[in-house]
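Engineer: Below you will find the structure I want to go over with you.
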Amino acid sequence: MSRRLRRTKIVCTMGPSTDRDNNLEKIIAAGANVVRMNFSHGTPDDHIGRAERVRSIAKKLGKTVAILGDLQGPKIRVSTFKDGKIFLNVGDKFILDAELPKGEGTQESVGLDYKTLPQDVVPGDILLLDDGRVQLKVLSTDGAKVFTEVTVGGPLSNNKGINKLGGGLSADALTEKDKADIITAARIGVDFLAVSFPRSSADLNYARELAQQAGLNAKIVAKVERAETVANDEAMDDIILASDVIMVARGDLGVEIGDPELVGVQKKLIRRSRQLNRAVITATQMMESMISNPMPTRAEVMDVANAVLDGTDAVMLSAETAAGQYPSETVAAMASVCLGAEKMPSINVSRHRMDKEFETIEESVAMSAMYAANHMKGVAAIVTLSSTGRTPLLMSRISSGLPIFALSRNQETLNLCALYRGVTPIYHGEESRTEAGAKAAPQSLKEKGYLSTGDLVLVTQGGQGATQTNVCRTLIVE
């Protein structure tokens, strides 16, 4: 091997900061592997224009960059106040009124964007406003009104979010706006489509169905934000198996289950997603201080590093790159932390699946290659010629410490591989199912500077024709 590669991928959110000062090119050059379009903000034309710039810059820099479209989901929020803001003290009585018009909120009451809240709560429930900064105990309900008492006081301003401790709000995961945004996502051709606040596999299946009807074959990302989706193993597996990618959305999830529980849930989600052959993104406030500071805190460094040690495929930046003052510096700092964490030998070898049966020939070949990589002395890299990206995904579920090069002439496949941990997507124009194509792959990587003469590599590829089988070859770079 002639260069060291970062295995953990970085997802960056686009916004006003990436629209100025050539920052979009700077964050891609600094190491962004996936760019996130937050459909909560901006118009369809904004998103389409940004996608075009991403693809143009990626081509210019010779990089593979995937696009993730993130649907807004239900707006479970208070409405607006006459004066824009109030201050609630502990013990105050406060009414949430679904019939109160916008702009009519006072010290005593405020309207609701989420009109069915009174039907979702019972006396004793705790409502968490503005990520838990203000907390209300439900005393009673009467028609459209929820009568509460303030248990944690503080300022409350327009359009702040509402969560229920322990979850249980019944809002549909997909709104009419989301359905329109799926059409925009299809026009863009996003690689990944994130669904906010899914309650169960049914929400994810519905999103996939709507995407396919729009002509979009994107991988579905489940943003795990509701307490009920992590309440037990069955609920967690239901969400994971219905998705292609899991996002550990620690903001709303942390509010609903409590931050002390979040630590274990993050680790369990990452571990279980990998076991079930799903990719996983860890998100929310990973380098929050770099919105306004040029360096991360030590705590943020440790947070990113711990997600890497947990086995996450990717770590995500939100406001840090969308609205921050130092977007490219944040990406560079995150990349550096990932590389540092990846030096830990304990994360480089996995015994996962040693006692499991394989369900397909493709999986058996992929796992055989990874077993050989972990037990054969001197292997420098794993090379897989892939038309769909499935084999690189399966390989990346096993830790080896070795780079996995996914070679394909299908750009959509390369974009998917941009998210998978340890996988470096490389364009390869040769036919992927022939022996000549397999032998040409290491030479191509040598020419690009990834391999050196004498390197030992494992090469896998699919078969050609109905009578051919998938194969794994051991080759020496000439």
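Numbering starts at 1 and runs along the chain as displayed.
Using N, Cα and C of the backbone, Cβ positions are placed for all residues, glycine too.
Small disclaimer: the values here were computed from a predicted structure and weren't measured.
So Swiss-Prot has the following annotated:
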type	residues	note
BINDING	R36, G251, D252, T284	substrate binding site
BINDING	N38, F39, S40, H41, R77, K160	ATP binding site
BINDING	N38, S40, D70	K(+) binding site
SITE	K223	site 'Transition state stabilizer'
Engineer: Mind checking which of D70, D252 has the fewest other CB atoms within 10 A of its CB? They're the binding-site residues.
Structural biologist: D252
Engineer: Determine, using Cα-Cα distances only, which of these recorded positions is closest to F39 (ATP binding site): D70, K223, D252, T284.
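Structural biologist: If we rank D70, K223, D252, T284 by Cα distance to F39 (ATP binding site), first place goes to D70.
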Engineer: Return one of helix, strand or coil for R36 (substrate binding site), based on DSSP.
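Structural biologist: Looking at the DSSP assignment, R36 (substrate binding site) belongs to a strand.
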Engineer: By the DSSP assignment reduced to helix, strand and coil, which category contains R77 (ATP binding site)?
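Structural biologist: Reduced to three states, the DSSP call for R77 (ATP binding site) is strand.
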Engineer: Rounded to the nearest Å, what's the C-alpha distance separating N38 (ATP binding site) and K223 (site 'Transition state stabilizer')? Just drop the number here, would you?
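Structural biologist: On Cα coordinates alone, these residues lie 13 Å apart.
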Engineer: With Cβ-Cβ distance below 8 Å and at least 6 positions apart along the chain, what are the contacts of R77 (ATP binding site)? List them in sequence order.
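Structural biologist: Expected: L112, D113, Y114, N159, K160, G161, I162.
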Engineer: Centre the Cβ atoms of N38, S40, D70, go out 8 Å, and tell me which other residues of that chain have a Cβ in range of the K(+) site.
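Structural biologist: Result: T13, R36, M37, F39, H41, L71, Q72.
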Engineer: Taking N38, S40, T284 as the binding-site residues to compare, which has the smallest set of other Cβ atoms within 10 Å?
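Structural biologist: So among N38, S40, T284, the binding-site residues given, the one with the fewest Cβ atoms within 10 Å is S40.
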Engineer: In terms of Cα spacing, which of the binding-site residues R36, G251, D252, T284 are within 10 angstroms of D70 (K(+) binding site)?
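Structural biologist: Qualifying among R36, G251, D252, T284: R36.
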Engineer: If I restrict to non-local contacts, at least six residues apart, and a C-beta distance under 8 angstroms, what lies near G251 (substrate binding site) in its own chain?
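Structural biologist: Long-range Cβ contacts: D131, E225, A283, T284, Q285.
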Engineer: Taking DSSP as the reference, which of helix, strand or coil describes D252 (substrate binding site)?
Structural biologist: helix
